[in-house]
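If you look up TrEMBL, you'll see 78-235, 289-349 marked as domain 'Alpha/beta hydrolase fold-3'. The active site annotation in TrEMBL covers 159, 316, 346.
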């Protein structure tokens, strides 16, 4: 890898910091959750339900229901897919606090999807798990069981969960057999493409803690069950060089020089190789599969997407993924809110519990929930 972009010291330090933060959050989130929801899960507001025939008994969903009110009409609902690079975290522990607050603040039924992780499974199984769980919940009889208004459902997720939420939303929009589809999608610092690892935000934040560029590339390699030997070629965009025929038709869909505002582009220059390695795409065709990289979807699919919220952070390699998706959706005629935070970082929204209760987490969470409340 180039320069300081990948060193053993940086890799170990990043892994230590991230894993320590996750463990801390799991302990405190689990404690705060269990103390408040210690009653019978089938008589109060939290259920963990195996998907059984939906996902081969492998994964589950957690359903957060606000207390019923007398003569209350049908509730809104959010299907939430957690982040963690398709390999880390757990909806049943790490995201309980966020989902509980969403359910209470919105008076909504929140369905938190658990999906199988790397290394147990790789792409496309995470996508299939999330899609099956969402389609199962969207069935009229299931919505009726939870008293959910079928016209007021959102699909949402953060980071890799934002990737899955966007990909699932695209797939649902093309399913002619569905009678119920999400009204909204809300994506929190989503990862949406593996075409260009030298967008301005990737260049600007290549060594940013929590998610440096080489860590994100390794997440992609693991997701695709690829070889780490490809990392150097990916970081210099050898897989999408001008002589890689499979990538040519997608280049116009991800031209950041025309999709990003000048405040994001700054003085950064595109990294486009004249000659590259077409064998990378042959080895990992999923690099161009829109189920994995929804930013590369064709315009006809984007036109079908619902009203969209995208949250981005300045100190994040994925900032431009979200911003480019927002612009492409706008060009396709979709109403989009791009909520950008200049002083926040990737993953900040889950850092809201002592001792990692950061103002960035509370600020982004409140803005996200406010948008859902006003639009769902």
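Backbone N, Cα and C define each Cβ position, glycine as well.
Nobody curates TrEMBL annotations by hand; they come from automatic prediction.
In the predicted model, residues of the domain 'Alpha/beta hydrolase fold-3' (78-235) average a pLDDT of 96.
Residue counts for the domain 'Alpha/beta hydrolase fold-3' (289-349) under DSSP, helix first, then strand, then coil, are 22 helix, 19 strand, 20 coil.
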